[in-house]
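A quick write-up on the structure given underneath.
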Amino acid sequence: MLERIKDSFTESIQTKIDASEALPESIAKAAEMMVQCLLGGNKILACGNGGSAGDAQHFSAELLNRYEIERPPLPAIALSCDTSTITAIANDYSYDEIYSKQIMALGQPGDILLAISTSGNSGNVIKAMEAALSRDMTIVSLTGKDGGAMAGLLSVNDVEIRVPSNVTARIQEVHLLAIHCLCDNIDRTLFPQDEQA
């Protein structure tokens, strides 16, 4: 068991090293898109399932509250939080529509959808992306493996942050790090700090 635990740490470290080579440009581009979205008076909607829903909530909390510096709240909504809305849509229509219907109501041109799925094949996240595109929103996707069906929906205006791994747990670990990098870039671009302070 101890060896298995050590192997998990080693795999996680190696995946992060691989990601540190593969992802900085896409993370930086996504952060810049988010900064421009927020400067334009728009908001960021986020969605995912399971651990990815938790990541969507984590991202939203960092923007609404703060990441590492004191600053005003920034507009972000995790679409996985309203259980009454989610269960009503799932019951009356289908689980695949729990995010898309919210986006049709809340999404505006210029908003960003942060779509999170380790496989890139989550049906409700794909429907969310389709709804976002119909609302003239931009998409930042956090995926892994081969990017799944989500990769095929992205245009040159969108950004995919695809973790170079096929292991769900390792992908989730890098997703959290990527979210922290996004938050850090957003904060430091919108609210520059004296690095020596």
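Glycine residues also receive a Cβ, built from the backbone N, Cα and C atoms like all the rest.
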Swiss-Prot has N49, G50, G51, E62, N91, D92, S117, T118, S119, S122 down as binding substrate; which of Q172, Q193 does it also list for that site?
Q172
N91 (substrate binding site): which of the binding-site residues H58, E62, H180 is the nearest Cα neighbour?
H58
Using Cβ atoms only, which residues of the same chain lie under 8 Å from S119 (substrate binding site) while being at least 6 residues apart in sequence?
T143, G144, K145, G148, T168
Could you tell me which three-state DSSP class G51 (substrate binding site) falls into?
helix
